[in-house]
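Participant: Below is a structure I'd like to ask you about.
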Amino acid sequence: MGIKTLIWLSILVVGIYCEISDEDAPVHYCFVNPPPKTRLSPNLLQNITTCTHLVYGSIPIDRDTGYPQYSVSDVESGYDIDNIRTFMRLRKYHPNAKLLMGVVRTKPFEDAATSVKVANGLRSHVKSKRFDGLFVTFNGIHLEYRASTSFLETISKDKKMSLTFGVTGRRVFAFDALRRLQEINDLVEYIYLDMGELPSNEELARVTHINPLFYNGSIPFEETIQGTVEELSKEGILPSRIVVGLTAGGWKFEIKETQDPLKISHGQYAENNGKRVSYQDACRARGAVIYDWQTMNEITVYRQTWMSVNLPTIKAMGEKMKWILGQKFAGIGISHALFDDPRGDCGTDPLPAHRLVMELIRNTIPANPAKCTRLCYLDPEEVEETFPIDNLKSDYCSHIVVPYFALDLSDKMIEEDKAEDLVKKIDDWRSKIVEVAPRLILSVGSKQASTIWQFLLGNDFHRKELAEGLVKAINSTNADGLEISWTSQPMVSDFDKKNLKSFINDIVAADTAKMVEIVVATSQQSAYSDFYDYEHLNKTASLIVLHSHRLHSDSLPFTGHPSPLRATSSMTNQKMSWESLLSHWVEKRVLPSKLVLSLSASTLSMQSLADVRSSAATPFGQSAFVSMLRSKKGDIHSQQEICESLKSGTGVTHWVDGAEVPYLRRYDQMVAYENTRSAHIKAVWASMEGVGGLALHNMHQDDPSAVCDNRTAFPILNALSRAQVCQTCLKQHDFKKCEQHDFVVSCNFELKRSTPVFKTDIVPYERCTEVVVEQATLTLGGNVNFNDVQQEQVVKNLTSLRSKMVKCGMVLSLSCGDSEKYLNSILGDNMTFAIGNVMNIMEKYKFSGVQLDCEKVIRRGNHIYFNTFVKKLAQKFESGKASNGCNRTLSARFSHYTQKPSTYYSVSLLNRLSHIALRMTDKHSVDLPFFFNHTKPEFPSTEKFVNIWKNVGLKPDKLVLELSPFGWQTGKKVGEKKKMTQGVNCVTAGNRAVYEHDYETLTGMTKHENGTINMPMIEDFRYKIGYIQREQLGGIALNVNGDDYTGICGRGSFPILKSVYSSHKCR
């Protein structure tokens, strides 16, 4: 047979190179698998610019040396073809893509040692060929054995090598496959789910649809894309770890003469084995065409031929792709290019399926809704055409506000310059994330002088005409609302106040359909002059935006900051702070939930009268040139310019305590600005105050191209979205009912001698969904014992309260000992006896549940024992009710020391438990930092470990965060800490001690004669509960021994626990 030479037509497409650099963007796997003796075209995938992973071949690796078994055309041979070398030239067109060698192992590994040997040999060879990594597939029963994990584990040790594991839908449901995939999940970059082969394909003569999306009556649910990925998700393999592989072309079957081709269905037997057909062959097939809207496939029937084809159009294969992207899978793959009409024989552009993926990925932005109210302002006069709006994450903004209408004396209103173009750009971006797109608000009058406002609003006819025109204009666009912004200059009289009120009423009257959201922007000058009708705004405006980002101006003859949190002593006007402005509006009885506080991504540059670059003088209140008397040529305007000044060493940044803001000194220039730290603090403070939302003005200055760290676009918005929470009021549960609680409040009660005053009869069970009693121990032989007689007596006392606790759970915390060998002995030889003893002690002391606290003794050697123990114990629990008549509960407790949960635990099993408690404390029982620190990524934090557990597949509503009420007093030695309860703190520092709040550590700090005390405050707990609600976690756990259970602090007993349900700042 001679050499086949395939000459691909040049693909003439005008387009912009799309670099997939966003870590959240979908990946695109592109496969090239040329048959033997076929020459690969070097420009085959030249214009498919979204390929992030290029995979060559499906090369056998059945030799135990690991050396790939190449075909005659893979590498240079007598045929003068070296397709691998040609493939490597694709790097020219895809400089950011990873080039992977595709390998397949059919022969099972004899043992783990063989798998390691094969892996090492293969890894060395792949490096010699200069591939970036491997795409590994097993064609056989390999997933039944752990040697397959050893093979991938050995390859994964090379951190420079990219590794993808491919598994077909057919193999997912094989024996032990899901367990093996859980182990593999942490070893690879992605798991590639190839839906080209299904369980039905075990018998090649069975009629099979190609990549069916949904169940259609004849297709088993587990053979659909939806069913397969749901099974993986249940086992803790999240969509974000899965690339869904689709197939170019389809399946072709010759059916029996006795069968009606129009009535044939998935799973029936054909006359002969099915054949895979390329799209270029399928598109030329004759016959009747039927479209199946469940499988999203085209069915072609001609005589006794039946064919299921992936039709590469937006309404067919595109629906599968849109579903995959909409479900937030890691990405899509198409196998393979040579089956995807590479020459355009079907009359369309070549590679139609690949082009469809490219189009959808380019038009897809990973979409999540904003979890709190955040207004993002873009000024059409300031925003350049190249503004990278696609870098804006969908959850950063709940509203986008554009100054759109200018007021005009003759025409009433006109469009701002470039406003229409900007709105079109925003609309295009919103169309990519339709379901969770931010609301679009068009602003009127933000740049007009008060005289124009007074003229138009002072005349009843002009005012009503303006209101009707604005509502009509809003309804003619895709906008959702209108912002009324009389803010460029302040109002000057009560007439202005009256006319603004009438104008709002006219807009409400003109909006007969009640579709226009009304936002009112306010200035600090008008507010402090009481030129707003506060009661009227409370009733009519959905949001009231305070211009708290304009509290200082460069037109003033002294230095200052546009948005200090609090006033400093040197500030000329003590009212010009966030704290004072918010207090003013709240004192006027405006609902805090309606108020939006503003900050800006832009800077305020001022020129001091002397060179104060190295001066330690108070930064605010110094004499400065007013803006009209100085040149602004060298001013810093944006976040990226701040970064450039700091990197070059021309500027030095300083921090102002109290005001909680930074400023930069550059010779005689002072630049006041916001950074991620100040934005974080403002977001936490505003959240604690129950403020309705935050607004970021001049968003285009917030480093939209990630110049500062080459990682985070819009860093201030990112900081706001991470730190802002929106508290909703928690309804106290009814402890007299056995209902499933939406929010768990787990009260941990310690059995120890150090708290003799804590009598069992004051345990606040009515405020707890469960009381967790700490702690009994599982001992050798499978017995359950308390540490001493006194502890057991305390348990007996609690049991006597059981009737009063009614349906409130009483849960036994059960330790598994102190060593791995200890647990091995218990569960290896006495598991059944241990389970029986757990049930006996529950019955004896009327416990309704058990919380397993076994983390420190779980290792690779015994984790299977533990998972089996949990599974059998859960089955026992399900067989009956607890002593209080409710379902028994089984939970588990872990800490930040478990950094790879899926290595030791069955995530699917944990998802079936009542909940998982996360203990995030140090050795002093003090909470670890709450937020992840990007500068110290190795440092533990609550945010980091919540994400770790969510990323391995634990359901968010199963996660219960333990919040510590303990604080600490600094000791005499460096680093020494003395743990303190809330009550001891009040005794030590006194009830009247004043605490300085730290919005980063979420503690209060006070100094007294014996040292410094740091204590978590009630506001901190309320904030953390807001975070838990925002992330839709399961609830909180609180050690009630650390709360002020005696009421010595003057706020009644258990003030922290009671604050869970009572706060005037929630909504």
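Just so it is clear, glycine is given a Cβ too, placed from its N, Cα and C backbone atoms.
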Participant: What residue among C346, C397 is stated in Swiss-Prot to be the disulfide partner of C376?
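Facilitator: Swiss-Prot lists the disulfide between C376 and C397.
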Participant: In Swiss-Prot, C30 sits in a disulfide bond; tell me which of C51, C283 is on the other end.
Facilitator: C51
Participant: If you have Swiss-Prot open, could you say which of C738, C747 makes the disulfide with C768?
Facilitator: C747
Participant: At the Cα level, what's the spacing in Å between N887 (N-linked glycosylation site) and C376 (disulfide bond), rounded?
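Facilitator: Cα-Cα, rounded: 47 Å.
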Participant: Can you tell me the CA-to-CA distance separating N710 (N-linked glycosylation site) and N475 (N-linked glycosylation site), as a whole number of Å?
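Facilitator: About 40 Å separate the Cα atoms of these two residues.
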Participant: Determine the Cβ neighbour count for N216 (N-linked glycosylation site): the number of other Cβ atoms within 10 Å of its Cβ.
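Facilitator: Excluding its own Cβ, N216 (N-linked glycosylation site) sees 17 Cβ atoms within 10 Å.
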Participant: Check the glycosylation sites N47, N797 for other C-beta atoms within 10 angstroms of each C-beta and report the one with the most.
Facilitator: N47
Participant: Looking only at the domain 'GH18 1' (26-364), report the model's average pLDDT.
Facilitator: 90
Participant: Restricting the comparison to the recorded positions N216, C376, C397, C747, N797, which residue's C-alpha is spatially nearest the C-alpha of E855 (active site, proton donor)?
Facilitator: C747
Participant: So among the glycosylation sites N538, N830, N933, who's got the most Cβ atoms within 10 Å?
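Facilitator: Checking each of N538, N830, N933, the winner is N830.
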Participant: Going by C-alpha positions, which of the recorded positions (N216, C376, C768, N830) is nearest N797 (N-linked glycosylation site)?
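Facilitator: Looking at Cα distances from N797 (N-linked glycosylation site), the smallest one goes to C768.
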Participant: Between N538 (N-linked glycosylation site) and C30 (disulfide bond), find the distance joining the two CA atoms and give it rounded to the nearest Å.
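Facilitator: If we compare the Cα positions of N538 (N-linked glycosylation site) and C30 (disulfide bond), the gap is 56 Å.
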Participant: Quick check: of the disulfide-bonded residues listed here (C30, C51, C376), which one has the Cα closest to that of C768 (disulfide bond)?
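Facilitator: Nearest candidate: C376.
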Participant: Distance between N933 (N-linked glycosylation site) and C397 (disulfide bond) at the Cα atoms, whole Å?
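Facilitator: Distance (Cα to Cα, whole Å): 23 Å.
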Participant: Of N475, N710, N887, N1010, the glycosylation sites given in the record, which has the fewest other CB atoms within 10 A of its CB?
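Facilitator: Lowest Cβ count within 10 Å among the glycosylation sites (N475, N710, N887, N1010) is N710.
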